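Q: Pasting the feature list from TrEMBL:
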type	residues	note
SIGNAL	1-24	signal peptide
DOMAIN	279-335	domain 'Torsin-1A C-terminal'
Amino acid sequence: MLRAGRLGGACALRLLLAAHTVAAFEPISVGIAIGAASALTGYLSYTDLYCRFAECCREEQPLNASALKQELEEKLFGQHLATEVILKALTGFKNNKNPKKPLTLSLHGWAGTGKNFVSQIVAENLHRKGLKSNFVHLFVSTLHFPHEQQIKLYQDQLQSWIRGNVSACASSLFIFDEMDKLHPGIIDAIKPFLDYYEQIDGVSYRKAIFIFLSNAGGDLITKTALDFWQAGRKREDIQLKDLEPVLSVGVFNNKHSGLWHSGLIDRNLIDYFIPFLPLEYRHVKMCVRAEMKARGSAVDEDIVTSVADEMTFFPKDEKIYSDKGCKTVQSRLDFH
């Protein structure tokens, strides 16, 4: 019986792979193959069986808010605002069966403060393969849109890429890195997809998620954090309302933000501007400890202190914030 079960599972897998191969050409053949595989296994539905062997777009799959909360709180250091807003935004959006528009988040702060790390965590909590998922799409400005002379071409390509991927999976995730290096005007090509339209040319974009990552606004965020420190107030006292209005205006008027005079801001299509605060000495030490644990090494506090001491801090006199955040922690730890 055990052998027969194994043979049945193997046959099912071969049938599924065959079905996947002919999927683009013969829908009837796919149905026959999946049906035969279901008969062999005896109980799984078409979708359940196929998704055991291939990644599927599960549009209605709920977000595990508790798991996301725990991961953000345990792995993201010094960013109480980002943790709170991202958890709130994603949970609310995924619990809404009929959102009126896609969720659009714009993450701002200096390099090394955790923006890319957060986008990775979000991707892993939305799609099981994370950044390697067929339904997660990463665009890097300097790689995908390098030439200012080809803005129109990039706009057309961007619309085509997004349209095709959302057609394949309504809950697709799009991440735009290095927004501060994106040529002005390119991002406005996706404005119709972020707006309050039920459908565009038969495609609904309302369940997709867009995340922008940018260093722009880092100076404004640092100024606010420094003002709180100089006033003797804790960084945890900083609230979103202290930063979001000035951040959105600052990015809108910054020619090097990728969102300069953008219709995305003018039309209020970005749901949250999320500030990432500059990291202090204690946060850098947390990053070092986390990296040592990730490497399977015992945490040596002497090494933790040594790595943190090698980092440079600003302002010049106070030396409060790491000028590279935790960005160089991995490479510096290699020397210890």
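Note that Cβ sites are derived from N, Cα and C of the backbone, with glycine treated the same way.
Nobody curates TrEMBL annotations by hand; they come from automatic prediction.
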Q: Can you tell me how the residues of the domain 'Torsin-1A C-terminal' (279-335) break down into helix, strand and coil by DSSP?
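A: Output for the domain 'Torsin-1A C-terminal' (279-335) reads 29 helix, 5 strand, 23 coil.
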Q: Could you give the mean pLDDT over the domain 'Torsin-1A C-terminal' (279-335), rounded to a whole number?
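A: Summing pLDDT over the domain 'Torsin-1A C-terminal' (279-335) and dividing by its length gives 95.
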